[in-house]
Amino acid sequence: MTINATVKEAGFRPASRISSIGVSEILKIGARAAAMKREGKPVIILGAGEPDFDTPDHVKQAASDAIHRGETKYTALDGTPELKKAIREKFQRENGLAYELDEITVATGAKQILFNAMMASLDPGDEVVIPTPYWTSYSDIVQICEGKPILIACDASSGFRLTAQKLEAAITPRTRWVLLNSPSNPSGAAYSAADYRPLLDVLLKHPHVWLLVDDMYEHIVYDAFRFVTPARLEPGLKDRTLTVNGVSKAYAMTGWRIGYAGGPRALIKAMAVVQSQATSCPSSVSQAASVAALNGPQDFLKERTESFQRRRNLVVNGLNAIEGLDCRVPEGAFYTFSGCAGVARRVTPSGKRIESDTDFCAYLLEDSHVAVVPGSAFGLSPYFRISYATSEAELKEALERISAACKRLS
């Protein structure tokens, strides 16, 4: 259902730039699951896109100290010098990328970074190449900014990764950006240096195309996978690459709302113009906390990633043991993206035929009280996403319920 359909009854006519944007399937499922919980039903919600760990104590203490120092006023528009220096050092230390402070921007979450970049660069009809499955906001942000999302299906047969052949075929004179996310939400797929190389070679041939990389799940990778970011791999693309990151996932700071990016000075300046007329500066207290996160101890990241890996293994093994489901092993993030084509056309105990991944997920919620998200919400069917950012006990119970639900299909 689109925005137009939901608000016209109230006599309000939405702007055309948002009229085609639908209400998030994730939000609808979450609302239904929450309502069922309020009714006393034992719902297990596996849709959360945030870590279940707490923000580290030293980060919380830094925020408290900032408050007591009176650092509760406006800051510089796109980030304090202290935070920009911490980000610069992080990029150099962990990614081998060198940026000046005026090539770094800070915003109220990585989502605002993406919005600022698209708003600052897209003219009506400009195209943005987005591999599917994709994080749901990518396409909507492009549309709000009057760009045209070019969605390229990348299913399990390609490891949910874009290929050079598909990228080359998608590029036109109107292409402005290619958007890549590694590790990916929702698939958990990640690009190695070898995976990136053919894509970067394609981009080198098309100097009018810029690259936006979302590295938010950088620190959550498994099985000795070596994370790498494209601007390091190909210096020839650095002057048209925006490298996006944030503190939300690695440091369990989703509610602190700090995202950041490094990129060409002219783009960063244009993004600041957009931000100046939107939110102005990010939260001063959150910025102080983020300095502590980036500059402070990082050893806890390994322990948390090991915990996520145990859960990943539990979920992947459990799903692959269920007839009709097929789950690829993700390289990172905290999601599985399982195929469910094997249950298509089967019939539920109530007599409803499963025609889509949306039907399957609705069945799991209503029949077994397990909330997962259909692949259609991420632009690729028939799949469903599970977030394993919850306890192993809850994951085991959810897998038992999903298995039992599949056995009841005829």
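Quick reminder: no glycine exception, Cβ is built from N, Cα and C everywhere.
Taken from Swiss-Prot, the feature L-aspartate binding site applies to G47, W135, N185, R385. Taking a C-beta cut-off of under 8 angstroms and a sequence separation of 6 or more, R385 (L-aspartate binding site) has the following same-chain neighbours: G47, P186, Y335, T336, F337, S338, V372, V373, P374, G375, A377, F378.
Annotation comment: Swiss-Prot describes K249 as N6-(pyridoxal phosphate)lysine. Residues within less than 8 Å, Cβ to Cβ, of K249 (N6-(pyridoxal phosphate)lysine) and separated from it by at least 6 positions along the same chain comprise E50, P51, M216, Y217, H219, I220, A333.
Largest Cα to Cα distance within the recorded L-aspartate binders G47, W135, N185, R385: about 13 Å as a whole number. Most Cβ neighbours within 10 Å among the binding-site residues G47, W135, N185: this distinction goes to N185. For the recorded L-aspartate site, residues G47, W135, N185, R385 set the reference point as the centre of their Cβ atoms, and the other residues of that chain within 8 Å of it by Cβ are I26, G49, T136, P186, Y335, V373, A377, F378, S387. Under the DSSP three-state reduction, G47 (L-aspartate binding site) is assigned to coil, being neither helix nor strand.
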